[in-house]
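Trainee: Below is one structure. I have some questions about it.
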Amino acid sequence: MANDTGIPAALTRLHFHDCFVRGCDASILLDSTPKHKAEKESMRNKGIGGFEVIDAAKAKIEAYCPNTVSCADIIAFAARDSVHLTGGIYYDVLGGRRDGTISLIGDATKNLPDAFFNVTQLKENFAKKGLSLEELVTLSGVHSIGDCHCSSFSKRLYSFNATYPQDPSMVSTYASYLRAKCPRPVKTNSGVDPIVPFDPLTPTRLDNNYYKNLKSKKGLLFSDQVLWESSLTKKMVGSNIKHPSAWASKFASAMVHMGSIKVLTGSQGEIRKNSRDSVHLTGGIYYDFLGRRHDGTISLIGDATKSLPDAFFYVTQSKKNFAKKGLSLEELVTLSGVHSIGDSHCSSFSKRLYSFNATYPQDPSMVSTYASYLRTKCPRPVKMNSGVDPMVPFDLLTPTWLDNKYYKKSKKGLPFSDQVYWVPFELVQTTSQYAERRAIEDGSLHPQKMVVGLRCMVEIVLNGSKAYLLDHTARNGLANKHSNQKYNCGPELDAYITAEAARVLGLIGDLYVFGL
């Protein structure tokens, strides 16, 4: 940071933009995938920086003490140090945040305040994050450091409204200075978008000069200047001008409060190994597991036929098949939810479209509109040995996102073995429990059960020449055996790691491989 005076402002802004979208979970760091654009791609995050600093810090910490300190904590610590370096303001930051696994461009647009928000809109935006009007005014003081792209305010210079081409709340001398820096209205997609400092006088010093600029009608963003123009916040701005020490104290407290917005703790989220990648990309579902499984030495085609469930199994057959692997009926339904992602060959279900039985050419448990769509993708019954076997997605709406849409009551299960879950009485209640929950607001129950099912599934492990399915007594015994494990990551992290170890052992107690 000593070599780049812009980095402290970038890291402080990075913390703000992270916490306002999905909470302080480092989702701002995640890169886009081929299927999903991440929140850093949003225009509201234009000019956001400091990623390389976090990358470097994470790499060093992982080398010293792996899987312990989250990227979310690193961002919070970096912001604290940036504030101290630029303004002499210090505050303590608690650790223990965990990293999020979801980053969507639309979330940034919905949650980050716009540069043309008025006070009422700003107040509402901050209130949604649990921050007061006073904290809004206090935290806005961070705009005494750093730079801003012309596209964020050029409308104030050239096309403010039908009456005033230039925003009348900006003093003319400052507007003339800005026009020299931004000589024409900047289009966001033009590729040319100059930057200017928020504070021309002390652009690298975090101080109360921001508020003096507002009083002088030199606020850069419209959302800055309105703090002086509005009767709701004018007195607060004036107080911060008169009492810089009081503002600094309030700023420290507000940063601590902001740093606690919707933090993930305990078993939520993950501890990333790489700041920009999540290890569970399709559904945000995370579970711990131990390695050291042994590789088998035999692979026979007949074993697959005998052991894998058939696409036309009835519930009784699927239940029996899963029971042989030590998996319950509930786990059968839960794990089947993986069919919300991926594709299926037409040969696995085309019989349902053309030759279901002697009475019904088309399976009556499949809604006709869906069957018609599938026939366009699979225009004839596909023979397994024909060499031509098209594929269709299990879930048409979100084929790359692991969620509970698989359970929706629409008679659109692709394999027969999926759709039958909705029919038998023994499964109606279980399936309804998932189907009646909305994917976002109430869908958390399914991921929790998915994790339990996956844990049980991976308990089917090879130990030498024998297979063991661990019972709960064995698992708990191993968890207790290892609960006093010591870590050597430095004394300052001992307390944190001890608590983290207890949490992790509670989570992965199911996964200890017996005898390894």
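Even glycines carry a Cβ here, placed using N, Cα and C.
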Trainee: Which one, Cys19, Cys65, is listed by TrEMBL as the other cysteine in the disulfide with Cys24?
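Mentor: That would be Cys19, the partner TrEMBL lists for Cys24.
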Trainee: Between His143 (heme b binding site) and Cys150 (disulfide bond), how many Å separate their Cα atoms?
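Mentor: About 15 Å separates the two Cα atoms.
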Trainee: Would you mind reading off the Cα separation of Cys150 (disulfide bond) from Arg13 (site 'Transition state stabilizer'), to the nearest angstrom?
Mentor: 17
Trainee: In angstrom units, rounded to an integer, how far apart are the Cα atoms of Cys182 (disulfide bond) and Cys19 (disulfide bond)?
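Mentor: That separation, Cα to Cα, works out to 31 Å.
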Trainee: On a count of neighbouring CB atoms within 10 A, which of the disulfide-bonded residues Cys24, Cys150, Cys182 is highest?
Mentor: Cys24
Trainee: I'd like the Cβ neighbour count for Cys19 (disulfide bond), meaning other Cβ atoms within 10 Å of its Cβ, all protein chains included.
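Mentor: Total other Cβ atoms inside 10 Å, all chains included: 29.
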